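Data block below; observations after.
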Amino acid sequence: MGWKEAAEPLLTRMPSVVRPEGHVPFKRKLGWTAGVLVLYFFLTNVTIWGLSSQGNDLFGQFRSILGGTQGSILQLGIGPIVTASIVLQLLGGADLLGLDTDDPRDQVLYQGLQKLLVVGMICLTGIPMVFAGNFLPPSQQLANALGVGIFGVQVLIFLQIAVGGVLVLFMDEVVSKWGVGSGIGLFIIAGVSQALIGGLFGWEGLTGNVGFIPAWIGIVTGSVDIGSPLSPEGLQALLIGQGQLVALVTTVLIFVVVVYAESVRVEIPLSHARVKGARGRFPVKLIYASVLPMILVRALQANIQFLGRILQSQLGSGGMPNWLGEYNQNGQAVEGLFYFLAPIQSPNDWMWWLGASQEPWQIAIRVAIDLTFMVIGGAIFAIFWVETSGMGPEATAQQIQNSGMQIPGFRRNPQVIEKVMERYIPQVTVIGGALVGLLAVMANMLGTVGNVSGTGLLLAVSITYKLYEEIAEEQLMEMHPMMRQMFGD
């Protein structure tokens, strides 16, 4: 008996959101999407009961990608879902699962396995976060009041963040089945937009940092002293200090480059086999796999840094080997292996002339590792994403065949169509994945408004663009119901 037969009773009984029967009106989809978004923002403001303080955020530099909020019930964000996806991508890429995503039975098993892995990742991430280190410090006062001890309060904290992780899983499923887009994409857009608005309009006292507009009001009125703009110190303050000019230019460039890259495509002509004059085009975009595989790459880096922080909290400064990592008081790696594996987050991480404590050769190695990791990792995960999401040459050829279309000048045969698709899809997938990785590193190195990571901004812009396309498609289907068959709805 194979693993599928053994696990089927469990996987088929995993709770799931009921799929709608028939077409869901566009206004209802918007309602479900807006409702989940409001619930998400509400939950990010629900503080975990039993904390003595907010503690140190393990995912601080990755929050724009992983979502959630430190000290809230959504402490884990979308991290467990993304990590489970990494495991499934690797298992599927190595063909170890033996699941056919075109088979309805295997689809149910795949979805059940994904949920089971998410629950496992909630435990694997949440338990060290609560019981190791000072990341979610329990309240001694509450422990005395309840008479359960510190361990009892820690159990309560873990149960709360576990419930939050499960809620994120089902909110994502609700949006995917009843709303517009995906929950993961929606949560990323929400977090990045919130950070961008704070980075533009945040006033001192309301947010942690002064926003771009208030800072420039202060510079113009003289309440913010940056010295002479002709001096090295003044120019530095204008470009990467209070003026944030480089961050603003980088943010605008990311918007422009991503929107342009989304519009670059190779269009393969199609014609209907039976209806004369019915023609179309199959677009193979430059960013064919979308930027979502980049979440997997950054999440892998986040998990590596998570491991380093846990080891440091358990072994202490003296017990952890120097070659493995040394951490400052802010919990950031400043030496050792975990320093070199940490992604570049801002100009201060690599501009050694600004007073960085590391030597130039150390910074160069770190930049090279980050660039290599993102470019190669982006290409690899893009390939996995295309193959496991039904976007590969074989699956695409079968979809075109089933729709009654064919490529003019070629026989109407799925194998023939597949050979044509193989000329474009694999190459474009690799190039697009590597390009997105390069853009993410460059954006991080130059900085962005609101201290949003380059990857987070890339994801937000691309997901918003695709959401716009999906909304336009939904409106088209509402106006012309016959179009639903063409879109498979």
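From the backbone N, Cα and C atoms, a Cβ is placed for every residue, glycine too.
TrEMBL: automatically predicted annotations, no manual curation.
Taken straight from TrEMBL:
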type: TRANSMEM; residues: 30-52; note: transmembrane segment
type: DOMAIN; residues: 38-71; note: domain 'Translocon Sec61/SecY plug'
type: TRANSMEM; residues: 73-92; note: transmembrane segment
type: TRANSMEM; residues: 112-136; note: transmembrane segment
type: TRANSMEM; residues: 148-171; note: transmembrane segment
type: TRANSMEM; residues: 183-203; note: transmembrane segment
type: TRANSMEM; residues: 210-231; note: transmembrane segment
type: TRANSMEM; residues: 237-261; note: transmembrane segment
type: TRANSMEM; residues: 282-300; note: transmembrane segment
type: TRANSMEM; residues: 363-386; note: transmembrane segment
type: TRANSMEM; residues: 424-443; note: transmembrane segment
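In this chain, the transmembrane segment (73-92) does not touch the transmembrane segment (424-443); fewer than three CB pairs sit within less than 8 A of each other, excluding pairs fewer than 6 residues apart. Touching of the transmembrane segment (363-386) and the transmembrane segment (73-92) is concluded from the presence of at least three CB pairs under 8 A, sequence neighbours closer than 6 excluded. Of the recorded ranges 73-92, 112-136, 183-203, 210-231, 282-300, the transmembrane segment (237-261) has the largest number of C-beta contacts under 8 angstroms with 210-231. Tertiary neighbourhood of the transmembrane segment (112-136): same-chain residues 7, 10-16, 48, 51, 55-58, 71, 75-76, 79-81, 83-85, 87-88, 97, 154, 157-158, 161-162, 165-166, 169, 306, 309-310, 312-314, selected by CB-CB distance under 8 Å and a gap of 6+ residues from either end.
The stretches the transmembrane segment (282-300) and the transmembrane segment (73-92) meet in space: the count of Cβ pairs below 8 angstroms, excluding pairs fewer than 6 apart in sequence, reaches at least three. Secondary structure of the domain 'Translocon Sec61/SecY plug' (38-71), assigned with DSSP and counted as helix (H, G, I), strand (E, B) and coil, comes to 14 helix, 2 strand, 18 coil. Model confidence over the domain 'Translocon Sec61/SecY plug' (38-71) stands at 84, taken as the mean pLDDT rounded to a whole number.
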